[in-house]
Amino acid sequence: MAAPGKLSTCRLPPLPTIREIIKLFRLQATKQLSQNFLLDLRLTDKIVRKAGNLANAYVYEVGPGPGGITRSILNADVAELLVVEKDTRFIPGLQMLSEAAPGKLRIVHGDVLTFKVEKAFSESLKRPWEDDPPNVHIIGNLPFSVSTPLIIKWLENISCRDGPFVYGRTQMTLTFQKEVAERLAANTGSKQRSRLSVMAQYLCNVRHIFTIPGRAFVPKPEVDVGVVHFTPLIQPRIEQPFKLVEKVVQNVFQFRRKYCHRGLGMLFPEAQRLENTGRLLELADIDPTLRPRQLSISHFKSLCEVYRRMCDEDPQLFAYNFREELRQRKIKKKEKQDDAKSYRL
């Protein structure tokens with residue numbers, strides 16, 4: 001078994017380089033899919049090392065593309081590597097890797113946003129949530145276009161303990177645009193503090209472990225790339241339904257440069273907005289002049305608990321959407337204008 005934090009000495013047989021694979025199969029990154037290939041195997045090895053000890057582990061790689069990180073994972077002497085790739089152009093190159101590592105690499109042509117990974121591995125790998133993380137890992141160089149919706153989806157899975165987290169507190173090592181990576185790990189008060197910061201950190205230990213310069217990718221993106229490691233917490237820092245936490249956090253950060261009471265007010269219908277916003281802040285013991293980035297996870301915990309009680313008192317409150325109220329108001333205004341115009345005619 002390999003020493004923790006080091007790649008195994010068990011290596012793949014000689015293979016064409018990733019550049020040669022790209023040339024051989026005439027692969028080009030598709031701009032519409034925000035694809036960028038990482039060709040430097042020293043960097044893909046580093047990503048895999050930062051994921052932890054993968055000897056005899058079961059790994060789910062998302063978006064393998066031409067197979068750079070795939071090679072590094074296989075070289076870590078994993079028990080099994082499952083890759084899910086949406087783009088059929090990459091399948092022949094991945095099949096070449098599969099032939100070089102018999103019985104190790106399983107290839108699925110599919111979409112990571114809909115793939116049911118909870119059925120992909122053996123039931124025997126499941127661990128109680130309170131135990132150490134299972135021997136299952138998620139690793140991926142994500143296309144920028146899917147990185148944010150995918151991590152939000154997986155955070156909801158963590159909250160519900162389903163999807164990839166039926167096996168226990170499955171760890172994830174993923175790439176994001178550097179700005180997104182910084183937001184995910186941003187501390188309270190940081191200029192990078194955002195909705196993503198709170199949603200990730202109330203459920204996980206989040207570490208922005210290193211940054212890869214954009215020039216390491218082909219084609220070179222306009223931004224650098226951050227590698228982020230997530231370990232789900234045994235006990236979430238906010239024990240409320242995911243959708244409720246998400247609604248509170250989204251409303252707060254939609255006016256990120258204003259005082260927090262501005263966004264919190266949008267949780268309530270206009271007729272009761274002032275009164276209910278004041279009540280929410282008072283019961284949660286929150287200073288209404290704090291900016292969104294100044295609110296800690298503890299602040300959000302209090303806000304979510306009070307908002308939950310208010311929703312229990314008024315079951316219609318959680319379904320309220322201020323944008324829908326605004327849209328209905330505009331429709332009524334237009335109808336009145338049309339009626340007035342018809343009357344004049």
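Note that the numbers count up from 1, one per residue, in the order the chain is shown.
Every residue, even glycine, has its Cβ placed from backbone N, Cα and C.
For Leu38 (S-adenosyl-L-methionine binding site), the same-chain residues that are 6 or more apart in sequence and have a Cβ closer than 8 Å to its Cβ are Thr44, Gly68, Ile69, Asn141, Ile212, Ala216, Phe217. What TrEMBL lists as S-adenosyl-L-methionine binding site is Asn36, Leu38, Gly63, Glu85, Asp111, Asn141.
Positions annotated as domain 'Ribosomal RNA adenine methylase transferase N-terminal' by TrEMBL: 43-234.
Counting only residues at least six positions away in the same chain, the Cβ atoms of Val84, Glu85, Lys86, Val112, Gly140, Asn141, Leu142, Pro143, Val146 sit under 8 Å from the Cβ of Gly63 (S-adenosyl-L-methionine binding site). Across the domain 'Ribosomal RNA adenine methylase transferase N-terminal' (43-234), mean pLDDT in this model comes to 94. Using a 10 Å Cβ-Cβ cutoff, Asn141 (S-adenosyl-L-methionine binding site) registers 27 neighbours.
Local packing around the binding-site residues Glu85, Asp111 was summarised as the count of other Cβ atoms within 10 Å of each Cβ; on this measure the leading residue is Glu85.
Around Asn36 (S-adenosyl-L-methionine binding site), a 10 Å sphere centred on its CB holds 21 further CB atoms from the protein chains shown. Whole-number maximum of the Cα to Cα distances across the S-adenosyl-L-methionine-binding residues Asn36, Leu38, Gly63, Glu85, Asp111, Asn141: 20 angstrom.
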